[in-house]
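Chemist: Below is the structure I would like to discuss, written out as structure tokens.
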Amino acid sequence: MNPNQKIITIGSICMVIGIVSLMLQIGNIISIWVSHSIQTGNQHQAEPIGNTNFLTEKAVASVTLAGNSSLCPISGWAVHSKDNGIRIGSKGDVFVIREPFISCSHLECRTFFLTQGALLNDKHSNGTVKDRSPHRTLMSCPVGEAPSPYNSRFESVAWSASACHDGTSWLTIGISGPDNGAVAVLKYNGIITDTIKSWRNNILRTQESECACVNGSCFTVMTDGPSNGQASYKIFKMEKGKVVKSVELDAPNYHYEECSCYPDAGEITCVCRDNWHGSNRPWVSFNQNLEYQIGYICSGVFGDNPRPNDGTGSCGPVSPNGAYGVKGFSFKYGNGVWIGRTKSTNSRSGFEMIWDPNGWTGTDSSFSVKQDIVAITDWSGYSGSFVQHPELTGLDCIRPCFWVELIRGRPKESTIWTSGSSISFCGVNSDTVGWSWPDGAELPFTIDK
């Protein structure tokens with residue numbers, strides 16, 4: 001092959017390679033264009049679907065929690081959540097809290113709690129045994145999660161609180177201020193909507209558990225006055241965060257604090273704490289017009305702490321060991337009652353659920369079911385009720401649930417702080433089991449040594 005032929009051959013090969021490369025580039029461009037066109041088309045097609053979904057979510061996100069159903073029939077209690085906040089807080093950033101409670105909308109359940117403006121295992125946790133301080137705030141996080149700065153949202157400045165959802169927005173009630181002039185601040189969807197001033201100037205206080213909503217109205221009970229004598233008690237009816245009606249209970253010789261309230265067939269039942277002279281629990285039930293009835297749980301299975309050994313009950317206050325008390329709850333079923341109580345008669349330890357089929361009206365101490373929740377060797381604390389509406393569960397009844405606070409630290413343990421974790425259970429009509437679900441943290445922490 002002479003030099004000219006070599007040049008022609010090499011040139012031809014280069015030309016072929018160039019043409020092939022050009023065709024590949026053109027093909028690549030066409031492929032990208034087609035792919036982009038398809039994606040763009042899909043995006044255009046998806047936009048109406050996305051908008052429809054968004055609008056649909058907004059439409060179903062606003063309902064009315066009717067509260068007209070009856071409580072679901074149940075045979076026992078299934079464990080619902082456990083946050084392990086103290087165990088996690090030995091190493092992680094977890095709030096120092098007390099008075100946790102749970103409330104559910106038609107979309108979710110949240111744990112509400114009163115912080116001390118401090119984290120566990122930190123210097124600011126010192127002295128947090130104190131109930132009322134300007135640093136306490138109501139916050140909330142998804143149920144079952146340890147309350148931390150990373151998953152919690154601020155709700156209100158408060159050392160006493162309540163919260164509930166009417167199907168449209170969250171209502172929060174936060175009480176703060178001096179003992180002789182505290183004010184409850186009502187917020188609806190995070191916006192201040194109303195206030196309630198202390199009317200007896202003696203530690204205005206509320207439920208420390210969820211308020212109750214029926215047909216768009218929400219209801220709460222507040223106390224103002226002595227913790228060891230006759231005080232004043234009011235029921236408030238609120239709509240979209242504004243007080244529309246209130247009534248003061250005519251209840252001589254009764255003492256109501258820290259009521260646990262729930263809806264049942266369109267009415268509200270509250271089971272409360274008698275800190276004055278009752279080792280059984282007082283109750284108040286009322287309709288949406290605030291027409292009310294009052295009484296004490298008659299059962300000889302006593303629900304408060306401290307309390308005497310079970311015996312003969314009374315439909316009035318049972319005086320032995322009646323002074324002082326602890327927040328608690330019960331669920332009424334006709335003449336029967338599910339009673340939640342500490343296992344110990346004189347300390348906040350252990351927890352159990354008891355079914356007394358005649359206990360709402362009968363004074364004997366017989367019962368037919370006992371389910372263990374926390375062993376007597378482990379600390380418990382406050383407890384309270386909450387419900388899950390049919391709009392959340394899909395059932396045709398209101399599911400009863402409860403939570404138990406598991407207090408750790410002062411005054412019973414050698415720490416500089418007081419805090420707690422929580423567990424919760426919901427009523428079911430299927431198999432359940434009794435056991436012990438304690439807090440489980442090993443104390444003291446590093447900050448305590």
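Note: Cβ is positioned from N, Cα and C throughout, glycine not excepted.
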Chemist: Among ASP250, ASP304, ASP310, find me the residue Swiss-Prot lists at the same Ca(2+) site as ASP274, GLY278.
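Modeler: Among the candidates, Swiss-Prot records only ASP304 at this Ca(2+) site.
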Chemist: With the disulphide bonds as Swiss-Prot has them, who is the partner of CYS401, out of CYS397, CYS426?
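Modeler: Within the candidate set CYS397, CYS426, Swiss-Prot assigns the bond with CYS401 to CYS426.
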Chemist: Choosing among CYS164, CYS259, which residue does Swiss-Prot name as bonded to CYS211 by a disulfide?
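Modeler: Within the candidate set CYS164, CYS259, Swiss-Prot assigns the bond with CYS211 to CYS164.
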Chemist: Looking at the disulfide-bonded residues CYS261, CYS426, which one has the fewest other Cβ atoms within 10 Å of its own Cβ?
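Modeler: It is CYS426 that, of the disulfide-bonded residues CYS261, CYS426, has the fewest other Cβ atoms within 10 Å.
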Chemist: Please give the greatest C-alpha separation between any two of the substrate-binding residues ARG98, ARG132, GLU257, GLU258, ARG273, ARG348, in angstrom, as a whole number.
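Modeler: The two farthest binding residues have Cα atoms 20 Å apart.
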Chemist: Pop the Cα-Cα gap between ASP131 (active site, proton donor/acceptor) and CYS109 (disulfide bond) into the table, whole Å please.
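Modeler: On Cα coordinates alone, these residues lie 26 Å apart.
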Chemist: Out of the recorded positions ARG98, ASP131, ARG132, ARG273, give me the one sitting nearest to CYS72 (disulfide bond) by CA distance.
Modeler: ARG273
Chemist: In terms of Cα spacing, which of the recorded positions ASN68, GLU257, CYS261 are within 10 angstroms of CYS272 (disulfide bond)?
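Modeler: Those close enough are GLU257, CYS261.
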Chemist: When you put ASN68 (N-linked glycosylation site) at the centre and draw a 10 Å sphere around its Cα, which of the recorded positions ASP131, GLU257, ARG273, CYS401, CYS426 have their Cα inside it?
Modeler: none
Chemist: Rank aside, I only need the closest one: which of the recorded positions ASN126, CYS164, ASN215 has its C-alpha nearest to that of ARG132 (substrate binding site)?
Modeler: ASN126
